Amino acid sequence: FQKPEMSTGNISTVNTEFILIGFPGLEGYQHWLTIPFSVMYILAIVGNSLLICIIKLEANLHTPMYTLLCVLAMVDIGLCTSTIPKMLQIFWQKACSISFEGCFTQMFFIHVMSSLESSTLAVMAYDRTRAMSAVNVSSVRPAGFVLIGFPGLDSVQQWLSIPFTIMFIFALAANSIIVFVVKHEQALHTPMYFFLSVLAVVDIGLCTTILPNMLHIFRHNPSFNSFEACFIQMFFIYFFTSLESSILVVMAYDRYVAICNPLRYTSILSTAFLGKIFSVFIIRGFILTALIPIFASMLLYCSSNVISHCYCDHMAVAKLACTDITNNSHYGISVAFSILGVDVLFITFTYVMILRVVLKLGSSAARLKAFNTCGSHLFIIMYFYITSLFNFLVYRMGEKVPPHIHVLFAVLYLLVPPVLNPIIYAVKTKEIREAFLKHVLRKKVNPATNIPV
């Protein structure tokens, strides 16, 4: 519109109307636009009017759902009438004046009708939610799910409890020791060891979420999980997995700064920076992964409740639904690529930059030490991301993969990192070994020889 010009003197000389010009730059084509907009206007008025008449005249339609539909039709008529007649006038005349009061009256009705449209849609959504909950819930929501472990390996699952029990005990003990020594050794209060302790806490959470229930399956095959417990487990599995990936990203960045920009290490990895970056990763992981079990729990489960898996995996559960799960599948893979995919790209770029710096080192011994350290780190990182990708893609494209092989990979990609991380990141680190001897075994270490005394 064209703003009124204000004189510098008496305010009564202000113009009392606005000029509406339609689509700026398309003045020569606007009369042709009257055709589609006129058709839309007629269809909207006639269609919504018929809807109101039918609902009013048919007694069977006098229910909340159709009453809300009738209200929505009236709001749509009001919204169209507030805008399109004046718009068609503009198209025909190329410009149209509207009084000062008329302009703000139209503005009021457009916003009121828009808010009523949104409010009516919200009430209709609530109406559908209540209508769905009124259905016999037992027919669409089982009391729980039955986990059978490794499909086809029922007879040997008791023996499988032995290696998995050893892995569980080792992971809990090793990661707990890392947290303990980093907390009590003042010399380890640096960003690198802080990341290592956080990774250990996440690994403990990941193991505890999966292994106790899995061992129960192996000993008392099968295992029953309540409906709510299954989706709670699903959330924590994906939440801890996202945190594991996030910490690997931060640790890779830590190594990059330490090698490529060592003089600014403490200023870059400040406490404020660490607080912000971990807050972002926690929020990212929580929001994206929380929607996975929420959407899965809204599906209708009216057939089998037996899950051919060792834990409540997203797609293993969703495939039991008797409704379309395309959206769930697409959301799950999009979350995988937006978290794991983005993280692995950043880690790859970081280690490429580290490799460039390492290759420029003059000492072959220094290069060998750097390659040894980075190589072990890259091994566990590649294992985590490759097996994660395998697990996500098999459900979508791996119909020929034997079920027990798929389940085995799905379990190992979550359980092997908590076992290997303490070995890769801690046992091979001299400072961690010395702190372990000092605080756990209560032995002193000779600084010159690194031998306990």
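Each Cβ is built from the backbone N, Cα and C atoms, and glycine gets one as well.
Taken from TrEMBL as is:
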TRANSMEM  32-54  transmembrane segment
DOMAIN    47-142  domain 'G-protein coupled receptors family 1 profile'
TRANSMEM  66-84  transmembrane segment
TRANSMEM  159-181  transmembrane segment
DOMAIN    174-425  domain 'G-protein coupled receptors family 1 profile'
TRANSMEM  193-211  transmembrane segment
TRANSMEM  231-253  transmembrane segment
TRANSMEM  273-296  transmembrane segment
TRANSMEM  335-358  transmembrane segment
TRANSMEM  370-393  transmembrane segment
TRANSMEM  405-427  transmembrane segment
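Summarising model confidence by region, the domain 'G-protein coupled receptors family 1 profile' (174-425) averages a pLDDT of 86.
Beyond the transmembrane segment (32-54), the same-chain residues lying 6 or more positions past its ends with a Cβ under 8 Å from any Cβ of the stretch are 23, 26, 61, 69-70, 73-74, 76-77, 80-81, 84-85, 87-88, 91-92. With Cβ pairs under 8 Å as the measure, the transmembrane segment (193-211) is packed most heavily against 405-427, out of 66-84, 370-393, 405-427.
In this chain, the transmembrane segment (231-253) lies close to the transmembrane segment (370-393): three or more C-beta pairs between them fall below 8 angstroms, excluding pairs fewer than 6 positions apart. According to DSSP, the domain 'G-protein coupled receptors family 1 profile' (47-142) comprises 82 helix, 4 strand, 10 coil.
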